[in-house]
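J.: According to TrEMBL, the feature active site, nucleophile maps to A:Thr195. For A:Thr158, A:Lys184, A:Thr195, A:Glu281, A:Asn403, A:Thr408, the entry in TrEMBL reads substrate binding site.
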Number of protein chains: 2
Amino acid sequence: MQHVVEEKIKLVPRGNITSPKGFTSGGLHCGIRKKKQDLGWIYSEKPATAAGVYTTNLFQAAPLQVTQESIATDKCLQGVIVNSGIANACTGQQGLADAYEMRQLFAAKMQIPPEYAAVASTGLIGELLPMDKVRSGIAQIDKEHEAQANKFERAILTTDTKEKSVAVTFEIDGQNVTIGGASKGSGMIHPNMATMLGFITTDATIDQHALQQALKQNTNRSFNMITVDGDTSTNDMVLVLANGMAENRVLTEEHTQWNVFLQGLYIVCEMLAKEIARDGEGASKLVEVNVTGAQTDEAAQAISKAIISSNLVKTAIHGADANWGRVITAIGYSRQTLDPNQVYLSLGAVDVVKDGMPIAFDEQAAKEQLVQDTVKIIATVGDGEGKATAWGCDLSYEYVRINASYRT
Amino acid sequence: MQHVVEEKIKLVPRGNITSPKGFTSGGLHCGIRKKKQDLGWIYSEKPATAAGVYTTNLFQAAPLQVTQESIATDKCLQGVIVNSGIANACTGQQGLADAYEMRQLFAAKMQIPPEYAAVASTGLIGELLPMDKVRSGIAQIDKEHEAQANKFERAILTTDTKEKSVAVTFEIDGQNVTIGGASKGSGMIHPNMATMLGFITTDATIDQHALQQALKQNTNRSFNMITVDGDTSTNDMVLVLANGMAENRVLTEEHTQWNVFLQGLYIVCEMLAKEIARDGEGASKLVEVNVTGAQTDEAAQAISKAIISSNLVKTAIHGADANWGRVITAIGYSRQTLDPNQVYLSLGAVDVVKDGMPIAFDEQAAKEQLVQDTVKIIATVGDGEGKATAWGCDLSYEYVRINASYRT
């Protein structure tokens, strides 16, 4: 991965959720899944200021309710327990009781109050957790072990093809501050759908309200701007834990270096989000859509999401077909106000539409843009200030295979 | 096709747009496409009261502008000219001039005023019509020929696999009234997207305002409730022509038999819409989603559309996999207000969810429901009065193949 990072903000080589001071993590196999690791945990030496964002799906899974209750208590967390294989969604009172027990057992093992623990799950909808396996799994956790972030990253995956992690570091008040992150994306586990989970750790000292705002704002520009198939899961969640061990002055929006922190957090969110999109089910490439000139940022977000979500755009990119008409069509049905005659469109470096009309372009040059590892679609839709970037992937035979034949 | 039709309303065997009195039609090959027929026309002996509904896409194609101008003039039409192969969209001033010329030439040939002619196109976006071919094609039209509805039905297709037509008949004021229809659906023509066109003819005598209202109301429940891939074309249009030759008393919403006409029109719209969904690109089955118990009809429409548009639901149905969790998830992200604990769900005759929780069901029995030619998903989402039905199709390898590899 190559990224442009502000000079003040440095990417940590092989950085992850244990890069910030005071965090450990691990993962193991407890038996929810046949062979793959299925139980991961994060622990902070000190209670950490915490914030979260959660799925808007009405069928919010039990662990999300428990986690929100934990954070609401003291606005802090000291540990996170995550399982893959079963989502604990649509599981009613028993599912809720299981999520509470998972929190209780993990907290006891970590010697922290239950309200300092968060719970997350991803996998099957409508099945109960095999609590005997969860219990014996939690009993095996050893928080004194050396940091094993890669085991955590692996334990939270479903049909993702690779682990996703990142860390950045920068100075605040002359202190080194680090932000790390891990995520899992779109894996199909029968009979569930893609679930997006993100976990961010930092040793920054930060005001809780400011942290919640920063997370929400950054999520809207990163995790909420990716799509694999437009289906919002019951279990989506992003958590951030800030344990203050960097010993900077408390960060708030008034802090002179607030923007540095915000930018660092954004880089972590964006990289995790992009890796989820790139690793979408059956995906062979990352697609990035840049929209500028919209009336507002919200309008630009709606337009870029319409483009990135179009099955016709996604299949055309899969086939490396410079089907600009499908992009124009998606802009046209995005329900935003714009003048079609002011629309410009490029596929990578190749201009294809000017003033809403096609312009002659070299087919071979356009094709070369579309066989890249990362395909860029750049649209200008007027002379407004609104801009947005969205990420997604192509739609392949493999997507259909994964999702049509899981049980057959 | 088997359909339950109200006793008063009879399906006309092999009925089509020439079933109502006074309508003729035809189709021919003028050379826009390589071999397939590409120019179709409808003619009414008498000027017909006319109404239309049009795509909401901002990039509305030139022929739609010309057609709306025609109808606005005297609220009537006497002929329709349609080409396939090129959409005449994103073609600027030249495209508009071409659409006007097409109307002018066709009207002259039919000996009707230009404002009594409508124009429709479907196919390639961003290319100009080969007007020499269109001119010679229109010159070949012979309105005195016997009715050739099947040639019209064929000439308007793109990658549809079959013609779509229907007619129903019933009595109004003791007179036989007939409504006929033809449509084309989701065919991909590089670099365009699916376009939906519908043409409805009737010999009913009807007030123009009432006709427009009836068309709009029925379109919202039929053509607007189908999806193949969620992409709204630049060229979508449904027109209705009512020439009054049945000699019933003028139909308005106050007419005692208004509901019979409305029901007849609905049957035509629904059948044409369902055939479009069934013939979606790469589709192997029709999917019908029934939602009841919503707070309003609009809420039920939003929920049913969320389900029918989900790639995960569509691939599961392709694989005959009883993945009810994906349906629940789609209900959950439909942005409607409902109590998850009041949700019931059946796949055909097999109940799978009760009170928002899974219930034990026979996997084989569920699979049998999903291999049917028409797959039914039935959801009750509360105790409200709102209900809706949506139609779509499965998502197959063939869809990806058609749309990824058209030019490669």
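Cβ atoms here come from the backbone N, Cα and C positions, even for glycine.
Where the annotation comes from TrEMBL, it is an automatic prediction and has not been curated.
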J.: Using DSSP with the three-state reduction, classify A:Thr158 (substrate binding site) as helix, strand or coil.
T.: coil
J.: Using Cβ atoms only, which of the binding-site residues A:Thr158, A:Lys184, A:Glu281, A:Asn403 are under 8 Å from chain B?
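T.: The binding-site residues close to chain B are A:Asn403.
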J.: State the count of C-beta atoms found within 10 angstroms of the C-beta of A:Lys184 (substrate binding site), not counting that atom itself.
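T.: 30, counting other Cβ atoms within 10 Å of A:Lys184 (substrate binding site).
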J.: Applying a 10 Å Cβ distance cut-off over all chains shown, what neighbour count does A:Thr158 (substrate binding site) have?
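T.: That number is 24.
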J.: Is it possible to get the count of other C-beta atoms within 10 angstroms of the C-beta of A:Asn403 (substrate binding site)?
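T.: I get 28 for this one.
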J.: Based on DSSP, name the secondary structure state of A:Lys184 (substrate binding site): helix, strand or coil.
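T.: The three-state answer is strand.
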J.: Please report the three-state DSSP label of A:Asn403 (substrate binding site).
T.: helix
J.: Give me the count of other Cβ atoms within 10 A of the Cβ belonging to A:Glu281 (substrate binding site).
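T.: Excluding its own Cβ, the number within 10 Å is 28.
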